[in-house]
C-alpha cells in the first residue's frame, strides 16, 4: 500500500526512448519503496503538477545542438514564461538524471538548462542531479544503476516507509501499470477477427496518430550500386491536403515514419507465448483503465493487430524486460541467468549478450523458452514501436507535386540498416526492413517533425552559405539548396561533400553538376577511398581557407550534417583555426566567431 504523502512524479523528455525506459524503471523503484509514483512525458503535465507530489524526478536527454527533446518543448516553453515569479516553485523538491554524450559539444545541455531554470524559480534539489555519459565505460546503463542505487539509499535513510512496511523485494512482481485482463476476459467471441494472410508484408492499416498525414509511397529507388556495401534509397511520398491544409516543410524538418512488424514474426511470437486461443479475439481497449502514451491504435483491436502495428518485439531488450521475463520462467536456470543480466555486477555480460550482439526481444524469448509472458501484461512488459525521423531531402518548388497542386512531394535519403554481429543471422533495422518491403503505392500515416534552425527563409538566402555534409547528411543540405534557389538573388553557395567512393556514393551528382555548370553552386568533394591518401571534408575546407574567411566576414551561414561528431568537430576546427591565425585582433575575432551562424544536424 502506498501512503498518501509519499508521492513521486517522474517526468521524462526522450527522443529515442532511453529516457522513457529509465523513467519507467524509476517509477517501479519508487513503488517498491511504497511511494505512489506517476510517470509521464514532460509535455503532458502543466507547471501546477510540480507542486503536488513530495518529490519530482526529471529524466531528460539532449538532442540536436543542446536542445530539449521533442516531447518536452511545450513544458519548456511554459517554464520559460517571463511572468513566472522567482519563487513560484519554492515548494518543489526535485532532481534530474541527464542522458548525454560527451563527444557532442553541448553535452547534457537539456538537463543543465532545466536545472538552471528550476533553480531560478525557487525549486530545491533533494539529491544531487546526475549527468550520464554515453562514453563512460559502462555507458548510460552503468550510470543509471549507480545513481538509482544512491537514490534508493537516500529514500531509505531520509524518507523511510511507515513502521511495518518493508520495501517490496525484487523477486515480487509489481501490479501492472496497464492491463488487458478485463478486455480479454470480456471478449466472449471465440473466433473473432479472421487472422490476416501470412503473406509476409506489413499491415496496411492506417494508424490513428495525432497530427498525422496520410502518405503514399511513389518512389523507392536505390542510389548505390547493387554490389555496394551500403543500400541507400531515395524514397518519395505524395502527401495530400489534410482538412484543406497542405503539408509545408522547411529545410531541417524531418518526416517521421512508423514501421510495422511482419506477419510471420508476429505468428512466431504468438506460437512461442501460446497465445493462439486469444490472438484474434476482438478486444475493446476502451475497457482498460489506462493505456500507454503514444499507443496509436483504434479502441477495437485484436492481440494480433497490436503485435503487427504497435509492439516492438524486434528491439534490444532492456534490463527491465529481462527482469520481467524472470518472473514468468518455469526453469530455475533460466530465471537465475535472466536475473544476473539485471544486476550491476553483471552489466558487462548484459552488454555482450544483448547490446553488442543486437539480440532482439523475440530472439531472447526463443532462447529462454521456459518464459511464457501473459498477454494481459502486453503493454506493461513490451516496448511500443517508435517513429523514426528522417531529414527531408527536398525543398522549395521541389516539394510541389508535378501534376496535382493538392499534394506535397516529400523525398527522403535513407541508408538501410543492415549489418552483422557475433550472431550468424544478419541484423536489419525494423524501419529499414519495413521500407525495403512495403509495396509501391502503399499508404501509411506519417508526421512532420519541425526542427528550429536559423538557416532558412528569404532573408537568410541572401547570405553566403557553406554547407558541409557526409553520407546521407546531404539530405537536409539538399533541401536547403532547393529553398535558396527559389529565392531572388541568393548568396553564394559552397557545398563540401564527403563519402567513400565517387562512383558509388556521390548522391544527386547530375543535379549538382548542373548547378555548377549554371554558376549557382560551388562543389568541393572528398571521397576518402578513391586514392591511397584518405581525403576528408576538413581537408577540403583547409584548402579553401581564404574563401571560408570571406564567408565569415560576409556574415555567412555554416551548416554541417552527417553521422559523425568527429567529422563535425574536425570541420569546425578547419573553419576556425585558419581564421584565428589571420585575424590578429583577439576581440574582433571573438566577436565575429560569437556571431557566426553555425548549425549542425548530427545523428
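The backbone N, Cα and C atoms fix where each Cβ goes, glycine too.
As annotated by Swiss-Prot, FMN binding site applies to 14-19, 61-64, 99-108, 134. Annotated FAD binding site per Swiss-Prot: 358, 388, 389, 390, 391, 429, 430, 431, 432, 603, in sequence order, evidence recorded as sequence analysis. Positions annotated as NADP(+) binding site by Swiss-Prot: 472, 528, 529, 534, 535, 536, 537, 538. As annotated by Swiss-Prot, domain 'Flavodoxin-like' applies to 8-152, with the evidence given as sequence analysis. Per Swiss-Prot, the feature domain 'FAD-binding FR-type' maps to 210-457; the stated evidence is sequence analysis.
Sequence-distant neighbours of residue 61 (FMN binding site) (same chain, 6+ residues apart, CB-CB distance under 8 A): 13, 14, 15, 16, 18, 19, 69, 98, 99, 100, 110. In this structure the alpha carbons, written CA, of residue 107 (FMN binding site) and residue 389 (FAD binding site) are 21 Å apart.
Fewest Cβ neighbours within 10 Å among the binding-site residues 17, 64: that distinction goes to 17. For the domain 'Flavodoxin-like' (8-152), the DSSP counts in helix, strand and coil order read 59 helix, 35 strand, 51 coil.
Rounded to a whole number, the C-alpha distance linking residue 534 (NADP(+) binding site) with residue 389 (FAD binding site) is 31 angstrom.
Ranking the binding-site residues 17, 101, 104 by the distance of their Cα atoms from the Cα of residue 537 (NADP(+) binding site) places 104 first.
Residues listed for FAD, 358, 388, 389, 390, 391, 429, 430, 431, 432, 603, cover a largest CA to CA span of 25 Å. Taking the Cα of residue 101 (FMN binding site) as the reference point, the closest of the binding-site residues 430, 472, 528, 529 is 472. In this structure, the CA atom of residue 528 (NADP(+) binding site) is 34 Å away from the CA atom of residue 17 (FMN binding site). Taking all protein chains in view, 17 other C-beta atoms sit within 10 angstroms of the C-beta of residue 358 (FAD binding site). Under the DSSP three-state reduction, residue 430 (FAD binding site) is assigned to helix. A sphere of 10 angstroms centred on the C-beta of residue 538 (NADP(+) binding site) encloses 22 other C-beta atoms.
Counting every protein chain shown, the number of other Cβ atoms lying within 10 Å of the Cβ of residue 529 (NADP(+) binding site) is 13. When the alpha carbons of residue 472 (NADP(+) binding site) and residue 391 (FAD binding site) are compared, the span between them is 9 angstrom. Ranking the binding-site residues 64, 104, 529, 535, 536 by the distance of their Cα atoms from the Cα of residue 389 (FAD binding site) places 64 first.
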